[in-house]
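Following: one structure in structure tokens, then a few remarks.
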Amino acid sequence: MSENLKKNDSAVVRSGLLHFSFPLSTLTAPISKTPNPSPFSFSLSLSSTSTMNCSISGEVPEEPVVSKNSGLLFEKRLIERHILDYGKCPITGEPLTVDDIVPIKTGKIVKPRPVQAASIPGMLGMFQNEWDGLMLSNFALEQQLHTARQELSHALYQHDAACRVIARLKKERDEARSLLAQAERQFPVSAPNAVTANVPVLSNGKRAAEDDELAPGAKKIHPGISSSIISELTDCNAALSQQRKKRQIPATLAPVEALEAYTQISSHPLHKTNKQGITCLDILYSKDLIATGGIDTNAVIFDRPSGQILSTLSGHSKKVTSIKFVAQGESFLTGSADKTVRLWQISDDGNYNCKHILKDHTAEVQAVTVHATNNYFVTASLDGSWSFYELSSGTCLTQVFEPSGSSEGYTSAAFHPDGLILGTGTTESLVKIWDVKSQANVARFDGHVGPVTAISFSENGYFLATAAHDGVKLWDLRKLKNFRNFSPYDPETPTNSVEFDHSGSYLAVAGSDIRIYQVANVKSEWNCIKTFPDLSGTGKATCVKFGPDSKYIAVGSMDRNLRVFGMLGDDAPEES
């Protein structure tokens, strides 16, 4: 290296560990200890045993670079990061840029093994240290697992204790509610309170405005049934009585032979699966619509010919116990175990909206029945009262209570076809007949066992059918006496529903099955012409209703399905 290097050639400096290659444009003089005035000059003296370390880390660099200005050696990544952060040399403090460092070519560096790995005892010591560390780590993990198991066990114990406390509190709450309801029925307070109008709602009953709360035991003041309303009821009674004298059984009525051939023609799952059970139903003959109420708190409007659900209405907080269409289906009523009655009205878009929420009862509403004028309706409740309402305004005109000290509640109610008589069934196995004009109890029938679950007047106005735990009783309203009894089921099976057809020719009974009787007179036998099994598998048919001209029979049970029995091929809809 004692000769001058020519321009544009390259220079290679080699030592035992490093070799450097530089362009000749940077070297203009022989390498020596004398400073060179050229742009890049330095002096280098290496022996075969010397090493060069990074000026920052003190380690042998993997990618060595050298500064043009100071001639110091650096690790590339370290000096680039320092230049990026500070812009100067970390040793001399002079300004330094990335362009001022030159990479150096080196041979592959093999790092020597650590001293511990240079002998068998050293390697055994390394392995022993690693094993000790692994055992300590495993011990710590076992301690953490034990702590987690203890915390989980404690949490599960607390959860179980909380569940037991909640169950006990719920039981105590239900018992207190039952005692309170019983006390309210036994000790009614006659102190009146101000009238509170039912506030109309604009939605599907979910956000309806509520009445002001009354003080416990207080009653509302009601305007009563006016003379003009009594005149309207009397005129309706006279007109209907006159028509009944000329009434003939329609030629389109299904004959006995047809009913004997009836079978299930469709089944429709109308209600939710998590709370199964259809508790009530009604049929709008003019449009062949079926309305059902369920334990799932919903009311469903179903178009039987098409097999489609027209509307599902929610708003009640407990099961729907009674449902009735009004007039041509522009309105319908629902009673519920949540102590309220809701009046639904159809809107321009075909949906039903909740128009009124009626809160005059203090216990479950068990029955709703509509007067023949379609202007008034009655509700009956377990609080021992029945209420007479004006349909258009939702105003309670009068509320009739049981005498003080009576624990009776009403379980069923129905208007006589003429509209001046109201029949009610009670929890004490009594059937009471009321004069609507005077709200006086004009007759009572006893003899049933258990609550009277259903009541139905025949179209001819002479017969009354009532159902209870012991079966069905038929009453002659002209002589006010019982003339026939049906006990279709065993003593442990109650009769849940009884219904005359619209012509008064057939009687349907529902319990563990559905039975159809042919209506006769007082002295003749009422024959059972057809028995339908309860296909729900629950053994409990809850409601039954004849379709127009008895062309089909709709049945609700303690599952979610509405079942229709009729003649196969008679425009039966497909099953949903």
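Placement of Cβ uses the backbone N, Cα and C atoms for every residue, glycine included.
TrEMBL entries are annotated by machine, without manual review.
Database features, via TrEMBL:
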type: DOMAIN; residues: 47-121; note: domain 'U-box'
type: REPEAT; residues: 313-347; note: repeat 'WD'
type: REPEAT; residues: 358-399; note: repeat 'WD'
type: REPEAT; residues: 403-444; note: repeat 'WD'
type: REPEAT; residues: 445-485; note: repeat 'WD'
Check your understanding: Under an 8 Å Cβ to Cβ limit, what residues of the same chain, 6 or more beyond the ends of the repeat 'WD' (445-485), are close to it?
Key -> 241, 244, 247, 411-418, 423-433, 491, 494-500, 502-504, 507, 509, 519, 522, 526
Review point. What are the DSSP helix/strand/coil residue counts across the repeat 'WD' (403-444)?
Key: 0 helix, 22 strand, 20 coil
Study note, to complete from the structure: Reduced to three DSSP states, the repeat 'WD' (445-485) has 0 helix, 22 strand, 19 coil
**Study point:** Counts by DSSP class (helix H/G/I, strand E/B, coil) across the repeat 'WD' (358-399)
**Key:** 0 helix, 24 strand, 18 coil
